[in-house]
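Asks: Just dropping this structure here.
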Amino acid sequence: AIDCKTVDAALVPCVPYLTGGGTPTTQCCSGVSSIKTMAGTPQDKKDACNCVKAAANRYPNIRDDVAQALPVKCNVQLDIPVSRTTNCDAI
């Protein structure tokens, strides 16, 4: 099962990148990679998606364009969008 606290902890190092752009830190990309590892099953993906969405909604100044580029910048094939508006049931 996915624990949102774990997802939150993984994303915290990404907040400066998500709000300002530039290049994500190694710690941020490690967190993105760990979320991918956690989300092994379709249900886990949905749960992780909801955690990511909830985390994104706690930071109103996250830039959506930057957030969507995060997996690419980290070179992680993440099937979960980093967005405040994702329909997690559609994943």
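Glycine residues also receive a Cβ, built from the backbone N, Cα and C atoms like all the rest.
Pulled these from Swiss-Prot:
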type     : residues    : note
DISULFID : CYS4-CYS51  : disulfide bond
DISULFID : CYS14-CYS28 : disulfide bond
DISULFID : CYS29-CYS74 : disulfide bond
DISULFID : CYS49-CYS88 : disulfide bond
Asks: Taking the Cβ of CYS74 (disulfide bond) as the centre, how many other Cβ atoms fall within a 10 Å radius?
Replies: 22
Asks: By CA-CA distance, flag whichever of CYS4, CYS49, CYS51, CYS74, CYS88 among the disulfide-bonded residues is nearest to CYS28 (disulfide bond).
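Replies: Ranked by Cα distance from CYS28 (disulfide bond), first place goes to CYS74.
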Asks: Using C-alpha atoms, which one of the disulfide-bonded residues CYS14, CYS51, CYS74 comes nearest to CYS88 (disulfide bond)?
Replies: CYS51
Asks: How long is the line from the C-alpha of CYS74 (disulfide bond) to the C-alpha of CYS49 (disulfide bond), rounded to the nearest angstrom?
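Replies: Their Cα atoms are separated by 18 Å.
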Asks: Rounded to a whole angstrom, what is the C-alpha distance between CYS14 (disulfide bond) and CYS4 (disulfide bond)?
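Replies: If we compare the Cα positions of CYS14 (disulfide bond) and CYS4 (disulfide bond), the gap is 16 Å.
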Asks: If you count other CB atoms within 10 A of each CB, which of CYS28, CYS88 wins among these disulfide-bonded residues?
Replies: CYS28
Asks: Round to a whole number and give the Cα-to-Cα distance in Å for the pair CYS29 (disulfide bond) and CYS49 (disulfide bond).
Replies: 17
Asks: Of all the disulfide-bonded residues given, CYS4, CYS51, which has the fewest Cβ neighbours within 10 Å once its own Cβ is left out?
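Replies: Per-residue Cβ counts within 10 Å for the disulfide-bonded residues CYS4, CYS51 bottom out at CYS4.
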